């Protein structure tokens, strides 16, 4: 019985930490209808600033908290001023992509400054436990609870009684009306980002102290947990975010009590998916909301795509096809093989994110499904590799679509959250389903690529094979976009309400887009598995999803040729300039930010 | 053909549509007028399935369609235009109007779950001769529909809708609705933002559609147009129906005058009848 009380206390404490993140997300969402994907990065920054203060500067605890809050708030203000304010009149997808880019840049900066190795963050508090009922509670628990309650109180007073707080509430109820009444929306945004960042930073520090460990992987987890809590409570609903956080903390804590630690995150994401399916407006939203208002502006940047003549494409393809006949190095071929594999993933993502407007952040999960299916088919069932790869594509199409289908009723940023969570679920299932996936050990000894009994081992043959597969997929996708499905997908992206009024079922067409896109991604993953000969649950990670997204934005959303061009550019250029591996992700993030700001339609234009 | 009984929709404390009864016979054109915020557009949303009523029923051709999804209702032949002009910004004029014909495509007909959509995907990729022929026929039809707007849209047929003028977007919306070959057409302020010449063109077009026997429910602020076109006029105020009848009778109804003048001494009624 006593342990249950312990789990309850633990759940509430962890929930309190999530609340600090979730409240910030809710404030930002309330004012700007934006899910701030950089919130977890601020949390990470807060943890490391806390580490510098405690370990290097030896500041006392109250001062540490103040230093972290102020420094994090400054980061928040910088993000608002330079990352988001310039995009105010931009297309709806722009701020979403910007916060994703900012989050990657911040994470990488922290990683490059402090190295990815975990560090200990001592809490400076005496190590005693007090007996409460049947459980125990430590001073750090009390501190976390105290910080949580104090910030809730301060926030309440601010929103309720200060003039700026009124402005925040007014802007979150009706931004346009508030602006017309003279509310300075920029100041409101500053206030909200500053507060959210301060809370997020302190939260990161407290979590670091709670587990006495900080590392750079905290960021994504924090964003996800905060968003789960916020969505459970109802987006933009500040008290809802607090309750959602406590609920999430309890669910996780009890889940861990029953099933074990490795399932902690699985419960969080399952809770998210369940809430999204059953109560997409959160647990505390009124049963039905007003019908969606007509949206002004378009989702993607309108542009006239650059039309590349067919002969030019044919010449370029022929050029790449005969390339291995010339004396090129193994290194060049290897680089281009990577580009073709990324190109297939980008074809998939440009269809899903660009053509039908579902910005998926969990696309690497489709690679993983394809890779595991193909590897297991060839290893366990002795299926010929060529067929196994196709099996991987089909499995990715079917399972990926099935998994993502709960997000079909969501719009804009929610889709990104849901796909991110589904991607994490896939990775967790792979990790935990040991009887099939061999868990953390991974799968080794995957047979090499082969076609009709001939092994493709030489770089040249692998090059030709992957290039040919990509071209075939691209041609198929081009044909799809030319059909009535192409215009149906794009209509749904541009205005889903009008599309429904003309008979387009969102479920049906989003499914078809994910089936087609899932197939391409699954093929890419399948080929990769046979190429690498070893895969595990971390082979296909969020970094690859973000890289694919950057490729797609670079080429132009929905643009088939752009996806392939973007893949060659983003894989090739770092090689040409010999950029060290650890700086690449940083550069991808910066490229994404610059594109969103200065050329949102990408190189070849959106379709 | 269409019959509403006790249709009610509340938003929090506000009753946007308050037990509305309405009957529309085949070939009839009925206009709904009323001050801004009277609940006209909400009523349209309830009829077309974009919003669900809290009480009351909607019957169409004798069938209860209350609460059906908009995509189902589009399949039943109910087409609408939107007050603020919801075109598909990145699609060409041609593609916008082709979306209107979506429910008539043979590829989308099979309603079998899983198999139906997969067949649709297969047809889209293989594109047998019958699919190509259907597409070509529909393109011809779209050109014919666009020709009804004179030289307004035809020269812009390949331009993306975001590049069109406001008035042209309204026209594209109406063209899209016609491509559905609707049995019931709901027009939400088709002349909003149009100058007198453009309004006259639109009025002529609506009169033509009516003459062809199309059943039309029209929301319109320009009273002159309403009086010319309507078989009957329904006046809404604060969610309720306050008057119904032939145009001239409604126009002189003291309740109607009060609704317009009593709410908006700023002169909404005069402005609109002057417009």
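Just so you know, glycine gets a Cβ as well, placed from its N, Cα and C.
TrEMBL lists A:12-35 (among others) with the feature transmembrane segment.
The annotation transmembrane segment is assigned in TrEMBL to A:42-59 (among others).
Residues or ranges marked as transmembrane segment in TrEMBL: A:65-84 (among others).
Look at TrEMBL and you will find A:96-116 (among others) tagged as transmembrane segment.
Within its own chain, the transmembrane segment (A:191-211) is flanked in space by residues 13-14, 17-18, 20-21, 23-25, 27-28, 30-32, 36, 39-40, 42-47, 49-51, 64-65, 68-77, 79-80, 84, 121-125, 140, 143-144, 147, 151, 155, 158, 164, 167-168, 218, 222, 226, which lie at least six positions past its ends and keep a Cβ under 8 Å from the stretch. Positions annotated as transmembrane segment by TrEMBL: A:191-211 (among others).
Residues annotated as transmembrane segment in TrEMBL: A:254-278 (among others).
Away from its own ends, the transmembrane segment (A:311-333) comes close to residues 459-460, 462-464, 467, 471, 561, 575 of its chain (Cβ-Cβ under 8 Å, at least six residues beyond either end). Under the heading transmembrane segment, TrEMBL lists A:311-333 (among others).
Positions annotated as transmembrane segment by TrEMBL: A:339-357 (among others).
Positions annotated as transmembrane segment by TrEMBL: A:462-481 (among others).
Look at TrEMBL and you will find A:512-535 (among others) tagged as transmembrane segment.
Summarising the annotation, TrEMBL assigns transmembrane segment to A:547-573 (among others). Sequence-distant contacts of the transmembrane segment (A:547-573) (same chain, six or more residues past either end, CB-CB distance under 8 Å): 93, 97, 100, 300-301, 303, 305-306, 308, 313, 335-336, 338-340, 342-343, 345-351, 353-355, 359, 361, 363-364, 470, 474, 477-478, 481, 490, 585, 588-589, 591-592, 595-596, 600-607.
As annotated by TrEMBL, transmembrane segment applies to A:585-604 (among others).
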Stretch of maximal Cβ-Cβ contact with the transmembrane segment (A:65-84) [cut-off: under 8 Å; candidates A:96-116, A:254-278, A:512-535, A:585-604]:
A:96-116
When you check the transmembrane segment (A:339-357) against the transmembrane segment (A:462-481), do you get at least 3 Cβ pairs under 8 Å, counting only pairs 6 or more apart in sequence?
yes
Candidate ranges A:42-59, A:96-116, A:462-481 - greatest C-beta contact count to the transmembrane segment (A:585-604) (under 8 angstroms):
A:96-116
With a Cβ cut-off under 8 Å, give me the same-chain residues at least six positions beyond the ends of the transmembrane segment (A:462-481) that come close to it.
317, 320-321, 323-324, 333, 336-337, 340-341, 343-344, 347, 351, 355, 449, 451, 456, 489, 516, 520, 523, 527, 531, 558, 560-561, 563-564, 607
With Cβ-Cβ distances below 8 Å as the criterion, list the same-chain residues six or more beyond the ends of the transmembrane segment (A:42-59) that contact it, or say none.
21, 67-68, 71-72, 75-76, 79, 106-107, 110, 113-114, 119, 121-122, 124, 196-197, 200-205, 207-209, 214, 216, 218-219, 222-223, 226
